[in-house]
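Student: Sharing a structure with you now.
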């Protein structure tokens with residue numbers, strides 16, 4: 001008989017299905033019309049019923065299957081109110097068929113950390129900018145993002161009533177990234193994607209220094225990475241220390257799984273590109289770098 005799939009592949013295969021369940025919850029909350037918005041800090045830091053239900057669903061479902069994995073979600077929630085209908089037990093067969101990269105084949109549960117952003121782009125979600133919204137599940141080993149799942153619950157939502165809504169992108173370092181049509185940004189064009197609602201002088205100074213041909217402002221870290229891999233942007237720049245691991249773990253894994261040349265910075269803001277990293281890095285002003293030293 002065949003050896004059972006490596007733990008990492010089982011975790012990713014489950015995370016895939018768990019993310020699809022999450023997307024259904026996100027769409028159901030929106031369709032029901034009561035978003036249950038709470039302002040967590042009074043600083044436009046919103047949380048909705050979808051954030052809460054999705055996080056409970058993802059964390060409880062994965063914890064049930066992989067009890068020794070550390071799972072960290074963005075929202076502070078108690079787990080004792082998780083109802084049976086929030087639990088997703090399935091997995092994606094397709095992912096289990098892939099061979100786990102040798103360097104990850106021996107990983108044990110207690111060596112993995114899963115970072116969960118139940119609803120990336122909450123503000124956009126509350127404003128009806130539905131294509132900005134993603135569900136992020138990132139998997140880290142020895143402090144490094146090695147696998148990730150990004151679900152876009154409203155992918156295709158403007159394509160008419162018959163269109164299939166939503167999609168799931170996944171990737172594992174050493175295997176690749178799947179679930180999207182890769183397009184390259186136009187060669188020689190510098191198109192920068194950046195924050196929509198967290199702008200600051202620092203963010204804007206940094207962008208002007210890059211001398212971009214155009215700037216796209218969208219919500220959500222997951223959404224920005226999708227702009228990169230689908231060729232709508234050539235660099236993702238966010239000169240601010242506000243990014244957390246639950247924002248960056250899954251997108252970083254997808255980027256690296258797609259292209260191992262990808263470079264990134266995270267401790268103090270984000271610079272991510274598929275190509276020409278040095279062009280962008282060399283143009284970031286020293287004043288910006290100094291003010292971002294962690």
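Placed from the backbone N, Cα and C atoms, the Cβ positions cover glycine too.
Okay, so TrEMBL annotates it like this:
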type    : residues               : note
BINDING : 74, 117, 119, 120, 247 : Mg(2+) binding site
Student: Between 119, 120, which of the binding-site residues has its C-beta surrounded by the fewest other C-beta atoms within 10 Å?
Tutor: 120
Student: Which Cβ among the binding-site residues (74, 117) has the fewest C-beta neighbours inside 10 Å?
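Tutor: Taking 74, 117 as the binding-site residues, the minimal 10 Å Cβ count falls on 74.
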Student: In the same chain, outside 74, 117, 119, 120, 247, whose C-beta lies within 8 angstroms of the Cβ mean position for the Mg(2+) site?
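Tutor: Result: 116, 118, 121, 122, 134, 135, 136, 220, 221, 222, 246.
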Student: Compile a sequence-ordered list of residues in the same chain as residue 247 (Mg(2+) binding site), six or more apart from it, whose Cβ lies below 8 A from its Cβ; state 'none' when nothing qualifies.
Tutor: 117, 120, 136, 221, 222
